[in-house]
Amino acid sequence: MEGTSFHQASNSMRRNSSVWKKDSGREIFSRSSREEDDEEALRWAALEKLPTFDRLRKGILTASHAGGPINEIDIQKLGFQDTKKLLERLIKVGDDEHEKLLWKLKKRIDRVGIDLPTIEVRFDHLKVEAEVHVGGRALPTFVNFISNFADKFLNTLHLVPNRKKKFTILNDVSGIVKPGRMALLLGPPSSGKTTLLLALAGKLDQELKQTGRVTYNGHGMNEFVPQRTAAYIGQNDVHIGEMTVRETFAYAARFQGVGSRYDMLTELARREKEANIKPDPDIDIFMKAMSTAGEKTNVMTDYILKILGLEVCADTMVGDDMLRGISGGQKKRVTTGEMLVGPSRALFMDEISTGLDSSTTYQIVNSLRNYVHIFNGTALISLLQPAPETFNLFDDIILIAEGEIIYEGPRDHVVEFFETMGFKCPPRKGVADFLQEVTSKKDQMQYWARRDEPYRFIRVREFAEAFQSFHVGRRIGDELALPFDKTKSHPAALTTKKYGVGIKELVKTSFSREYLLMKRNSFVYYFKFGQLLVMAFLTMTLFFRTEMQKKTEVDGSLYTGALFFILMMLMFNGMSELSMTIAKLPVFYKQRDLLFYPAWVYSLPPWLLKIPISFMEAALTTFITYYVIGFDPNVGRLFKQYILLVLMNQMASALFKMVAALGRNMIVANTFGAFAMLVFFALGGVVLSRDDIKKWWIWGYWISPIMYGQNAILANEFFGHSWSRAVENSSETLGVTFLKSRGFLPHAYWYWIGTGALLGFVVLFNFGFTLALTFLNSLGKPQAVIAEEPASDETELQSARSEGVVEAGANKKRGMVLPFEPHSITFDNVVYSVDMPQEMIEQGTQEDRLVLLKGVNGAFRPGVLTALMGVSGAGKTTLMDVLAGRKTGGYIDGNITISGYPKNQQTFARISGYCEQTDIHSPHVTVYESLVYSAWLRLPKEVDKNKRKIFIEEVMELVELTPLRQALVGLPGESGLSTEQRKRLTIAVELVANPSIIFMDEPTSGLDARAAAIVMRTVRNTVDTGRTVVCTIHQPSIDIFEAFDELFLLKRGGEEIYVGPLGHESTHLINYFESIQGINKITEGYNPATWMLEVSTTSQEAALGVDFAQVYKNSELYKRNKELIKELSQPAPGSKDLYFPTQYSQSFLTQCMASLWKQHWSYWRNPPYTAVRFLFTIGIALMFGTMFWDLGGKTKTRQDLSNAMGSMYTAVLFLGLQNAASVQPVVNVERTVFYREQAAGMYSAMPYAFAQVFIEIPYVLVQAIVYGLIVYAMIGFEWTAVKFFWYLFFMYGSFLTFTFYGMMAVAMTPNHHIASVVSSAFYGIWNLFSGFLIPRPSMPVWWEWYYWLCPVAWTLYGLIASQFGDITEPMADSNMSVKQFIREFYGYREGFLGVVAAMNVIFPLLFAVIFAIGIKSFNFQKR
């Protein structure tokens, strides 16, 4: 079709290369002989005669070397090696090769006069608002959670007004993003950058209110599909960890398709044939391969891997929390590449450089620039800290702050605009850094250039208004006033199809990916098989046929118990779908919203592909247990049971997938899952007989899948030959009599009804899963919290809010209220090694140790700020961990002294602080509480409360945290503080310990220029108080680098190559390296840190033939440093070694009190855990109360007792299971904080464990009382004080047992995922041995011992013996009293209650003690 696009002559290209030099267009390979040319010409002539469809799928593949064969190939069968060789020929080494390839593609398109589509994005008077809670109401406390829930409900009914306040994110912004020009989006955190990018890409959250207009080529967003026309590349790296980088790209490419590239190629081939033009064979294959949908080996995938520098890790797993994979920087590039492989024509990229070094960022941005310039692409990219050379690649700049656009237009005029406002960029300052700081209240004054006028703070609003009258602003206003001529929009520019490829291809790709993931997760399936095998073995040996009779109705109860447990085993086996589905949801939401595929395409493959697994799991269960237990020997009945269990397994899998999609996070889904299981379980006909179900709950009986499964499996068994013996005085068989007595449906056809119903549930739940995926979005979006302040000046309020700081006094050196002793640290010939990794031994390495630090020397002094630098892998963090005593493994040699005395880690921990790169804090406390807690535990006992409080206030001012004192810390990337605020909190938490020596690991990583400046100002303030501070730092800007006094530079392999002062404008450092022969001189204005790392690489060493470590050791500087080390290694006259009478600052009791204080706030402000558990308990109590209404007092028949026991058994098992499952993620988060705090010497493990255990006791007590009161009254147990107390006591003990078991499982395993998998096996065994499914007297003698080890068995013993053990009334269907019956049938004696009560205390105590031992003994953090 005329004029369709190769759009982007490939998007692929979309990113590629370097600076511009147009290629002359000569062919890549000149043929070595006329014969080769003739052969190629003949093959090309044959190709030209083919029909268009076939011609576009064929190409001429030339050999890599002269004289090689020339083959005609099918593009869709292009192999991996062919693709690799093709790209090697097209893109040789060097950035400009990418650019040359793009020019060749463009030249081929231009030669036949095809116009490529372009997109101009305009936004006019765009305003975006959110509704947020204000002040203290925004904190997620227990009370607020309940209030907010009630408010939302009442507001929906229009009974109360909305209490949320409007918060403007973007305030009336307008602008144009033009094709063919690279646009950079700059602005401080919370300025609205991400919101603007989302609005322009058509991906804004529906809850946000948007006014104004966004158009593409003059067309409104409703006239095309913006999600497929534009690609939004987000900040968060959301990927499937079990896929490799290449697979991630390949599937993304297959889902997105090729857009209009194929149509463009058709038109291109037609025109070339008409004009008799023969294209370059390699370029021809490249373009055809990029334009062919559905390829498994995609040229685009390999091309983007090459551009992004990901070839080195192409076949490495992406990885996640559980699976080791690629680095953070590589993951960030995968996020970018995933969209670049698609056909989108406009790119909106959000902070794509986080975690990347400046040279990698430069290469990626340069490649994008080449694509944008050559193919007139549209790109708006936000970057955090662009280096000057990267900044200069952009044509246009959009500067945004507080939701207002301050500048938008050519990069060349941006400095001019600020000069008209009176601000000047200093000579050694990057323009990007200047732009981010000049709007900040804290930083603006230093750039004021009008010395004749007094400085006053210029607000963002004033900048925005001034820009409207600036010549660039006026020009943009004029352009926006003229509407875009829609007739000039290329027909292929805007995508109108919802999905990139046809339904058939989408389904095929989705099946392929799901099958791959199932293979990668095969361990889960093997584990489940193993678990089923163990449970099947336990079941068949517990219900052994020699012990089982078929003579009475009591025998029928045992067979019912066995069948019920087999059903439940397969039901619980489906629970693993919950966590596996939730783990993949973030990727699904991202790809669904980007219109990769509809929800049903995602949900269909796991359903169909897991059917064979259901057959295998059911086979494992049925064929092992059937004959050993002694079910009816008919083979037909065996296979009928097998089919039923297959359907049961499928139903459970579908149910838990649906629950996962409805819940969307583990805590909520676990709660939903437990609730669904409870309803189905309690109303399934086993726990509560159908005849006793109240009329208001009978609907629950008829919708319970377990009811259909149970009735079908019982009909299959009890209508068999084994149970056909007639009962005395009755015409009915034993089987029918038993079914009727227990309230089951006594008809053989119920097998077929049950089977059909289960099949229906499988379809229904899978349909529900698909609906939930289609209409629900992910939970937990971060929201702004507005401070509750008088809004007399709205601008001022907004300014304070976005700055996150208020103006403090001038930064002067200051003393602190608490004195401290300055200390120096020296290290001489420090060697650190680890055991040789197994993979290196397998590759033939002879040594048994790998040396990471090779005899490093240095001294860090008070009042001196030292930068610890080096390339990746040089050993920066390793050296810091060794000096700080944070290493948990390896071998350390050498001398380390503190003020001349040998270092002792226990005393050193008291005078040092360590700011880790990952900011680990308890998420549910405020900033102020975090500091109070740290100071409480780390300052000496002599410091009283008032002094401590004053000191905390001083530290908060020093670190600029005063305005954030009541802000909740939150979880990184999810809620609470921003990255930069968390970084300052990390520093403050260490400072309130009043340390003499502070280590900081990457304090500025992941921050924008303004935030980095705030953190560095904090660090500088800290040094100016006379402390010794050492920072590792990665790719700093000039002003950050030159804020340091000294540099400690390591090269790869762990050797120092420069240790000394930087000097004014880094002169000492520059002079040192420039004195080495062959080193390139630094250019004017170039960053000395970047230059220093570039000239000291291993490749430079090889080129110059020198060893920089040896050069340093031969220098005067080294000799001076050795003298300094020698001097500082001698104790000062009259000084004493560090001595503290106790290991920790505070007593054991104080440690316990402080830990408990923090846990109190952590629990109070964690409503997803505490409030949901509370509400869940009330819901379950009301449900049970109404289900078992007034059944507690009925003891006339066995079924009456069975019903009462069922209510207890179900509550103990399910509420307990819910407690254990929900506590595990909470303990797991806090354990990570514990590792940091214990390493800092804040407390011993026991006070922490005590607090974690003790805080649960009141919460669980309230849970037990609430549950007990509601249920006891509604079920109608006997109202005596003793019986009510026993009931509460045993329920409380049971809840505590499960809660502490859940905590113990986390303490003994690396994370809560593994803990939950291990726990599920125990829950199944406890269920089996609880005494409900098979009473203790009926158990084979070889299993009776385990009954006494089962905590659930003791709880049920206590509950039933205390309620019914004293009732001497005779039963209607037995010649025994209630007391005799429960003693004979269940083995329960009232006189044994004292022992039972003791065991009810011992189990929680045992699990709590094991939890404490686990926390103390196991450290799963490897350093």
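Each Cβ is built from the backbone N, Cα and C atoms, and glycine gets one as well.
Here is what Swiss-Prot says about this protein:
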type	residues	note
BINDING	Gly187, Pro188, Pro189, Ser190, Ser191, Gly192, Lys193, Thr194	ATP 1 binding site
COMPBIAS	20-34	compositional bias 'Basic and acidic residues'
DOMAIN	154-427	domain 'ABC transporter 1'
DOMAIN	505-718	domain 'ABC transmembrane type-2 1'
DOMAIN	825-1077	domain 'ABC transporter 2'
DOMAIN	1150-1364	domain 'ABC transmembrane type-2 2'
MOD_RES	Thr962	phosphothreonine
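This view paints the features noted in Swiss-Prot onto the structure.
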{"residue": "Gly187", "record": "ATP 1 binding site", "Cβ contacts under 8 Å, 6 or more apart": "Lys193, Ser382, Leu399, Ile400, Ala401, Gln436"}
{"residue": "Gly192", "record": "ATP 1 binding site", "Cβ contacts under 8 Å, 6 or more apart": "Val128, Ile169, Leu170, Ile400, Glu402, Gly403"}
{"residue": "Thr194", "record": "ATP 1 binding site", "Cβ contacts under 8 Å, 6 or more apart": "Gly234, Gln235, Asp350, Ser382"}
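A separation of roughly 21 Å, to the nearest angstrom, links the Cα atoms of Thr962 (phosphothreonine) and Ser191 (ATP 1 binding site). For the binding-site residues given as Pro188, Pro189, the lowest number of other CB atoms within 10 Å of the residue's CB is seen at Pro189. The recorded positions examined here are Ser190, Ser191, Thr962; by Cβ neighbour count within 10 Å, the least packed of them is Thr962.
The Cβ of Lys193 (ATP 1 binding site) has 24 other Cβ atoms within 10 Å, all protein chains considered.
If you take every residue in the domain 'ABC transporter 1' (154-427) and average the pLDDT, you get 87.
In three-state terms derived from DSSP, Ser191 (ATP 1 binding site) belongs to neither a helical nor a strand segment and is classed as coil. Under the DSSP three-state reduction, Thr962 (phosphothreonine) is assigned to helix.
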